[in-house]
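Features as listed in TrEMBL:
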- 8-60: domain 'Myosin N-terminal SH3-like' (DOMAIN)
- 69-763: domain 'Myosin motor' (DOMAIN)
- GLY163, GLU164, SER165, GLY166, ALA167, GLY168, LYS169, THR170: ATP binding site (BINDING)
- 599-634: region 'Disordered' (REGION)
- 600-610: compositional bias 'Polar residues' (COMPBIAS)
- 643-665: region 'Actin-binding' (REGION)
- 915-1105: coiled coil (COILED)
- 1106-1127: region 'Disordered' (REGION)
- 1116-1127: compositional bias 'Polar residues' (COMPBIAS)
- 1171-1193: region 'Disordered' (REGION)
- 1335-1435: coiled coil (COILED)
- 1530-1806: domain 'Dilute' (DOMAIN)
Amino acid sequence: MAASELYTKFARVWIPDPEEVWKSAELLKDYKPGDKVLLLQLEEGKDLEYRLDPKTKELPHLRNPDILVGENDLTALSYLHEPAVLHNLRVRFIDSKLIYTYCGIVLVAINPYEQLPIYGEDIINAYSGQNMGDMDPHIFAVAEEAYKQMARDERNQSIIVSGESGAGKTVSAKYAMRYFATVSGSASEANVEEKVLASNPIMESIGNAKTTRNDNSSRFGKYIEIGFDKRYRIIGANMRTYLLEKSRVVFQAEEERNYHIFYQLCASAKLPEFKMLRLGNANHFHYTKQGGSPVIEGVDDAKEMAHTRQACTLLGISESYQMGIFRILAGILHLGNVGFTSRDSDSCTIPPKHEPLSIFCDLMGVDYEEMCHWLCHRKLATATETYIKPISKLQATNARDALSKHIYAKLFNWIVDHVNQALHSAVKQHSFIGVLDIYGFETFEINSFEQFCINYANEKLQQQFNMHVFKLEQEEYMKEQIPWTLIDFYDNQPCINLIESKLGILDLLDEECKMPKGTDDTWAQKLYNTHLNKCALFEKPRLSNKAFIIQHFADKVEYQCEGFLEKNKDTVFEEQIKVLKSSKFKMLPELFQDDEKAISPTSATSSGRTPLTRLSAKPTKGRPGQTAKEHKKTVGHQFRNSLHLLMETLNATTPHYVRCIKPNDFKFPFTFDEKRAVQQLRACGVLETIRISAAGFPSRWTYQEFFSRYRVLMKQKDVLSDRKQTCKNVLEKLILDKDKYQFGKTKIFFRAGQVAYLEKLRADKLRAACIRIQKTIRGWLLRKKYLRMRKAAITVQRYVRGYQARCYAKFLHRTKAATVIQKYWRMYVARRKYKITRAATIVLQSHLRGYLARNRYRKILREHKAVIIQKWVRGWLARTYYKKTMHAIIYLQCCFRRMMAKRELKKLKIEARSVERYKKLHIGMENKIMQLQRKVDEQNKDYKCLMEKLTNLEGTYNSETEKLRSDLERLQLSEEEAKIATGRVLSLQEEIAKLRKDLEQTRSEKKSIEERADKYKQETEQLVSVLKEENTLLKQEKEALNHLIVEQAKEMTETMEKKLVEETKQLELDLNDERLRYQNLLNEFSRLEERYDDLKEEMTLMVNVPKPGHKRTDSTHSSNESEYTFSSEIVETEDIPLRTEEPSEKKVPLDMSLFLKLQKRVTELEQEKQMMQDELDRKEEQVLRSKAKEEERPQIRGAELEYESLKRQELESENKKLKNELNELRKALSEKSAPEVTAPGAPAYRVLMEQLTSVSEELDVRKEEVLILRSQLVSQKEAIQPKNTMTDSTILLEDVQKMKDKGEIAQAYIGLKETNRSSVDFHQLNEDGELWLVNEGLKQANRLLESQLQSQKRSHENEAEALRGEIQSLKEENNRQQQLLAQNLQLPPEARIEASLQHEITRLTNENLDLMEQLEKQDKTVRKLKKQLKVFAKKIGELEVGQMESISPGQIIDEPIRPVNIPRKEKDFQGMLEYKKEDEQKLVKNLILELKPRGVAVNLIPGLPAYILFMCVRHADYLNDDQKVRSLLTSTINSIKKVLKKRGDDFETVSFWLSNTCRFLHCLKQYSGEEGFMKHNTSRQNEHCLTNFDLAEYRQVLSDLAIQIYQQLVRVLENILQPMIVSGMLEHETIQGVSGVKPTGLRKRTSSIADEGTYTLDSILRQLNSFHSVMCQHGMDPELIKQVVKQMFYIVGAITLNNLLLRKDMCSWSKGMQIRYNVSQLEEWLRDKNLMNSGAKETLEPLIQAAQLLQVKKKTDDDAEAICSMCNALTTAQIVKVLNLYTPVNEFEERVSVSFIRTIQMRLRDRKDSPQLLMDAKHIFPVTFPFNPSSLALETIQIPASLGLGFISRV
């Protein structure tokens, strides 16, 4: 397509930049052909004119769309060029913190200089088994691909790791080997994988050193072959080394170090075993102080030394050899301190008794004088003579350093040989994976021989790499049937020829080394003469005659010729070597053995060739006479040969490439230096890979992916049913140039840039659609806004106009109001003025008139007063005058009358003295008497009247007198009271007087007291004020203290509650951990058991001796024996064969050691398991402590009394059990921790004890009555038996014994009647009418019996109805108990104990009341039955006497015997199965080994095998045969294990036996006789309990077996589900069209389109349905089904989340929606199955939160806060990983900014969670088996004939 179509306005391009290498810019104007300048705008906003090259006229590189940036594979980029690659790596490394990126077949690894949590075992498990393109790039993905191809293609593999020093090659190789060691495991218990990993610290210590670029730089190349057997398990390894940098031993540049081992020795010098080495600080030795940097920050050399020694021990290097190695290394250090003194220019000497040399000789065990001599001299041999020549100081120093290097190189090779010996395996190697850790292309300011060899090796590797890439491209094209055109790629064969061909650089160097007087200068001249101007790749520097330049594939490198010859020769004086060979130190001569002896037996490869692992330049020959020809092979020659061998190995394998990049030279974490990165990308061949890919068709899409991605570019009519034809039609319209694409069989191939063009078209189409949508929406929004504004304007106008009208009305109203106000105001003012004037006038008038009136009034008043005064004066004067006159008149009258009286008196006195007086007096007397008589009569009359009146008055008087008397008495009383009161008054007056005196005294005292009181009051007030202040302060302090106490109490309460909750949670966690640990131990034990069986089989095959025939002795003990443990049956059955096979094992010592190790491990596991069992037993003892052992059952009586004996034993055992339970209850009540309730004096306790006592008494009474009843029945039986001599005694005995109701008695009587009936003629017997009487009696008895039978039938029906009601009540009680239990579990422990005790008391009380009612009813029934029995006995006796009297003895004897017609009740089935001992194996075989679960599950009742086995155990228990019980249980357990081992990968089989094992375990519990298990049983089920054996220990064994089966079930369903999960939950688009497909590069991912064979969410749901239906059919416990479902959902969630965290392409908004939809479907499945309370939904919470995290906004701080609060189930590492991986699928989505991720990290830094990135998908929740009793009655179980169990019989 034309450039004008791509270089349009707003297109983005890359332009060169001297600082950043490449800069991004945007076109401001469309490009037109012929333009010389492009108008650009840089990202920082600066405008730029970019001039095109006038010669090439090349346009700048186009930038990829943002949607393609950050891709996992660089080949997925549409524009493949250097800036695109650099930018993609930078975005992934800096923004997403991703260090791995694919580039076609190459994995590019950038060193982060920081520890990342991406190499754990969980990551290894996540990558294991995955396709390379399905996961994010990782070294583990490359390792998995190599491992998979080795197994699939049967071809050896190689992983080539290259890069600069410090780029991370060694770490990458180490992680690859760790992956192989973890995934494959080892074929034996020798821990080969650990040894392979242990070789790393040894090789790092002796071969790695600190350089300016890397703290742990490998200074040698190594190729490790990891060997595998036919099952692809590690069996051994072999290591080859290349070009050790020996010069570092004697010289280090500034800021560099020697090899780590020297500093580790110096750091450990103070250890006792190192005293003899006489070491010190590293700065004391010349060989370790030259760099000036003896310490690496963050590295403890002493600890590293310990790790090195530990690794040596693991690899089998003994302590003596280790000390020998350290002696040699210490000797090298001391040798470096040997100094020389010049005697002249050609000779030198060593000071006498030179301490460093003396220490060196002591350590090496050589002669001091001899070594001193040969360090200063050398031997020259000619054809005829030998000369000893002194050497100069410089030569001596060089010879010393050469000797040190040679010793170190020999030691290095010796260690490599021993490591290879340790890693060697006797098992034949089937295949191998090689890991090549070799130096990358190097160029420094000064490049010497080492750089030349390194770059030569990289040229060879680059050539091999180019050929491999080219080959893969060709294969891909041919596979897709694309026309193949030759791609021109860079071939570096000319450069290789320049180096290694005849007369090449290495040939000329070797030739010059052979010349006697050859020098570096002469060699340089030969190079110039041979290659200058003849080879384009060889150049000569302008200013130097001692250097040359080679044009390598990566760059031009200038090499300095100085030192080439010396390094190539690597000369060491022979005499010095001989001195060392003569050492007394045994190890030293081993280093210098001949080449043939020095070759390790493990160094031979599988193909038979021997790699060169010895790096010395002077290999010796086998013949001693040829000393002059020693050391003929140069270093260059050896290196070339080793390199050829390496290339042969690599070409024979499938290579995988890892290119390590160093992001910066300062070791800053996550810092990217573009210049350095580009240099390395060019050097390591990544850009060459890109170039080769870009030359062809780099972009490849499947037809389905292309259709899904670019469906938007098609019209509806273009879409056909044939996807391939649809894509062809569309492409022909979209891309006119047909050369830009090719159609393959399954893919479409595009040229570079075409995908970007299609993306541009797609983006334009989407942008146009978005614009149209935006246009419509914006128009709708603007119209809506306009209508809203118009409506608002109208509303505003309406309100404004209304407001204006209201304002005008208000104005008018105000105007009118103002007028009115003015009117009234004016009126008010005038009226007020008038009123003031008027008021003033009135006031004046009133004052004036008042004044006048007052004057007039005063005048009238004076006149009136004067008249009154006059009146009174005049009256007084008149009265005074009158009084005086009257007083004078009266006085005169008195005086006159007194005088006249005196005169009369004298006259009377004289007359009295004379008689005449008396006569005169008598004359008048008669008249007077008569008058008086009349008066007397009148008076008598009056007297009578008066008497009457008096009588009346007397009555009145009497009454009044009474009243008066009462009044008088009252008055007298009052008087007395008054007198008393008067006395009191007097006394009171006296007292008052006294009191007055006292008062006066008191007043005086009061005054003094008041004075003192005032003073005291003042003091008191002051004191009170002080006290008040203090009181206020104290109150405040008190309030504060109270507040503090309240707060503290609240805090303490909260703390205690939290602590209690935490402790509860912790205890639950501890319990789960303990349970998990125990179950893991069981899993480990079963694994070791299987391993033991495999080893046993392998040993049998290896030894080729038939297995000794012997019977397996019984491994279990009786339940009464104390030595028995729950695992003994498993352990001992495996130990016995081990002991019997010891003689054969002696032939293979290695396997014997493995068996011993295995046996030791099993013993440890057994001990640990025993400890855990002891702990469980101690906990269970609290429950079982109060239970006494059941007494031995009495011997069974004779057959005739068997039934009666059994019934009596049952009654007695029940009675004993009740008594025991009563005693236990009393004891428990007295020992409970609630004294206020259970104290002996407590009311509840008294009531309960009284009830219990009464119940026990009633029980005793009932027992006595039952015994009496039984004795009466027996007596009746004995009374009947003699009379029935013609009946069968046994039958009659049984029938009488079975008379349980009146119906049976009636039937017995009828049978008796028929039996005694005679065959004599009726008329002969009825002579006296006796038979008629008997007949009448019998009729009456029959009628009576029939009525009683009917009533008994009705009573039975009533009892059945009552029992049904009781069953219903028991069900309700059970539900209520479960609710109470659930409530109690939520209470704290103390409250739980109290509540449970209270509940138990209530329950027992209710039960006792029910028992009392039942006993009363039974008492009535018993009394009634007694009466009826008496009646029956009496009638039967009378009838029998009558009949016997009518029959003679002769007739009885001669009477023929007739059959007795007594109906017998069929004997009940007791729920037991009997089998013979010899049929046990047949039973196990038919019921377990050969049973097909599918037929049993569909046709028979669930758990039938378990019921049958238990019924067989019951019969063995009934027979008290402990051997039979042991044998049956042991055979059952072992057979189940065999079935599971044989068909352990079949879900139905495992589920079936898990269900049956649990049912068998529940049966053993349900019928164990323990109260805790019996309370759910019916009375009939309780009769079936075991009587003789306690199988609690076997229950533990079965529980362990169930745990193992459960774990196996989880593994099976995990294996079934695992292939479905990623495809169904992540890759498949359940909601079609939500997420588009992005280009994925060379490594195609699994298609998300639902093709044939692709798993979808429906596949997962169907599989879940299948699992659930199978478990339900097998009758698995509902609680166990919930646990299995929870485990399944955990596996689904964990695997989905782990893949999400490792797949960048899945972290998008649309994928989050898909995941949430899929999770909702799983939740819907749970709801359909009623499993929402199983805890399965909670296991999906991390996945749900991850999906929500993909969908929420990720911009602001509020978003960060919301994310932190929302994602509480995710760890910080997982949240940050998801945010880093978040990738927009469309251009309209935005990436997550780095600042936002940092904000999240800051907010989550205080969160304490696991640093682990991935969830543990292998985690298995601890399983529990809640007791689930069966309601199925054992006696109702029928055994189908299909099981083939006809040899067992029901009992």
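Think of each number as a place in line: the chain as shown, counted from 1.
A Cβ is built for glycine as well, from the same backbone N, Cα and C atoms used for every other residue.
Feature annotations (TrEMBL) mapped to structure.
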residue	record	contacts (Cβ under 8 Å, 6+ apart)
GLY163	ATP binding site	ALA109, LYS169, GLY440, ARG659, CYS660, ILE661, LYS662, GLN680, CYS684
GLU164	ATP binding site	ARG213, GLY440, PHE441, GLU442, CYS660, LYS662, GLN680, ALA683
SER165	ATP binding site	THR211, ARG213, ASN214, SER217, SER218, TYR439, GLY440, GLU442, LYS662
GLY166	ATP binding site	ASN111, THR211, ARG213, ASN214, SER217, LYS662, LYS667
ALA167	ATP binding site	ALA109, ASN111, ASN214, GLY440, CYS660, ILE661, LYS662, GLN680
GLY168	ATP binding site	ALA109, ASN111, CYS660, LYS662
THR170	ATP binding site	GLU204, ASN208, ASN216, SER218, ASP437
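Within 10 Å of the C-beta atom of LYS169 (ATP binding site) sit 28 other C-beta atoms, taking all shown protein chains into account. Per-class residue totals from DSSP over the domain 'Myosin N-terminal SH3-like' (8-60), listed helix then strand then coil: 0 helix, 24 strand, 29 coil. Counting same-chain residues at least six beyond the ends of the region 'Actin-binding' (643-665), those with a Cβ under 8 angstroms from any Cβ of the stretch are 89, 93, 103, 105-113, 139, 142, 145-146, 149, 153, 155-169, 172, 176, 213, 223, 240, 242, 434, 436, 440, 456-457, 460-461, 464-465, 468, 605, 607, 609, 611-612, 671-673, 676-677, 680-681, 684-686.
Summary of the ATP site environment: with the site residues GLY163, GLU164, SER165, GLY166, ALA167, GLY168, LYS169, THR170 set aside, the chain residues having Cβ atoms within 8 Å of the Cβ mean position are ASN111, ASN214, SER217, SER218, GLY440, CYS660, LYS662. Note on the coiled coil (1335-1435): mean pLDDT across this stretch is 70. Look at the region 'Actin-binding' (643-665): DSSP puts its residues at 9 helix, 8 strand, 6 coil.
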